[in-house]
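Quick look at what TrEMBL lists:
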ACT_SITE  Asp109  active site, nucleophile
ACT_SITE  Asp168  active site, proton donor
BINDING   Asp109, Asp168, Thr227, Arg239, Trp243  substrate binding site
SIGNAL    1-18  signal peptide
Amino acid sequence: MKSCLVFLFCLLTLSVSAQSSIDVDKEFAFAAKQYERMLQTHPDTTKFPQSTNPDGSIRNMKSDWWCSGFFGGSLWYIYERTKAPAWKDAAHKWTMAVAKEQYNTGTHDLGFMLYCPFGNGYRLTKNQAYKPIMLTGAKSLATRFDPKVGVIKSWNKFQTYNYPVIIDNMMNLEFLFWAANESGNKELRNVAITHADNTLKNHFRPDYSSYHVICYNPDGTVAAKKTHQGYADESAWARGQAWGMYGYTVMYRETKDKKYLEQARHIADFFLNHPNLPADKIPYWDFNAPNIPNEERDASAGAIAASALLELATYGGPSAKTYYQSAVKMLESLASPAYKANLGENNNFILKHSVGHKPGKSEIDTPLIYADYYFLEGLLRYDALRKKAAFKS
Ligand code: GLY
């Protein structure tokens, strides 16, 4: 009788511990309350919530900053979950606030800036006014592609180099696929594929970690391999690894070319098997930061990786369950008090403890709007998957 009770107890503990502690409804109820406050403190749609200043005050940015689309995008995710018209109105307002960036040919970040708000808005509402704005924006982005070099230029200058490309740029390709599909302009699709192929060739090390910045010569050869936001040229900047993992997962979704799926899996394996990845699976800001464990975590990298892993898990393979379970662990960690703010604190951002640019002494251990965005996206992806038989514990 006693051993029977012990067995039953063990069984109960196992099944409970196998279940996730994430309550998606609760998380979105909190996000909605926190962002209601954010909306109240942001009456001016030219000032986009970005982070916290060193003195603790809110850090806002203008629409030409690469993060301007994440607030509107996050509001769309809250609308997607709550279906409340007030969120749709707020999301629309903050989406249209970025519209003028459709003509901006000075940045490679138009995917982040335009596709996160307008793409989600169009997906959820089919508002036809959004479409021409996105199509113009995608064409503006493609002007930064030089066929002789074979990649989209990220910045106009970096140190002494005139054609720098950062791994982050993989995130802007989804926008080009959308525009190619909508408009029939195959050139936009070719630009995305050529960029991804050359990035695959030049941006990665044999262990599948990536450099942050590759500087190209006019003939497409590599002039230098560098970092900007990471610890060192040869280190693995955590958010860069997450951008690459997400980017190649999208490449597989859009093309069904297995080489992209393999690349995404290799990056995921590098990330998840790294000896410096902490038990809660939220990475330090750089996998090779010199003072680990006394280094800041980057919640944004955890949120981006969680969302990417949840999509990657849907493509099967021997590690699908590991990817799913790792993503769930990341979301659980982010949803815990270790990373999630209390209501009304943290300048009304949802997550604490991200790192924007440590070598630049900017946004160190602060909230970041894109950490919130990918956390909400990850929660929605998790909620869609957890009901599927393949992912039930
Ligand atoms: N795209 C810039 C960053 O990830 O910080």
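Backbone N, Cα and C define each Cβ position, glycine as well.
Remember, TrEMBL labels are computer predictions, not curated facts.
Overlay of TrEMBL annotations on the structure.
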| residue | record | DSSP class |
| --- | --- | --- |
| Asp109 | active site, nucleophile | coil |
| Asp168 | active site, proton donor | helix |
| Thr227 | substrate binding site | coil |
| Arg239 | substrate binding site | helix |
### Integer Å distance between the CA atoms belonging to Trp243 (substrate binding site) and Asp168 (active site, proton donor)
5
### Task
Compare the Cα of Asp109 (active site, nucleophile) against each of the binding-site residues Thr227, Arg239, Trp243 and report the nearest.
Trp243
## Note on the structure
For Trp243 (substrate binding site), the same-chain residues 6+ apart in sequence with C-beta under 8 angstroms from its C-beta are Ile167, Asp168, Met170, Met171, Ile304
## Note on the structure
Across Asp109, Thr227, Arg239, listed as recorded positions, the smallest other-CB tally within 10 A is for Thr227
### Task
Compare all C-alpha positions of Asp109, Asp168, Thr227, Arg239, Trp243, the record's substrate binders, and send over the largest distance in angstrom.
18
### Query
Which number gives the other C-beta atoms within 10 angstroms of the C-beta of Asp168 (active site, proton donor), all protein chains shown included?
24
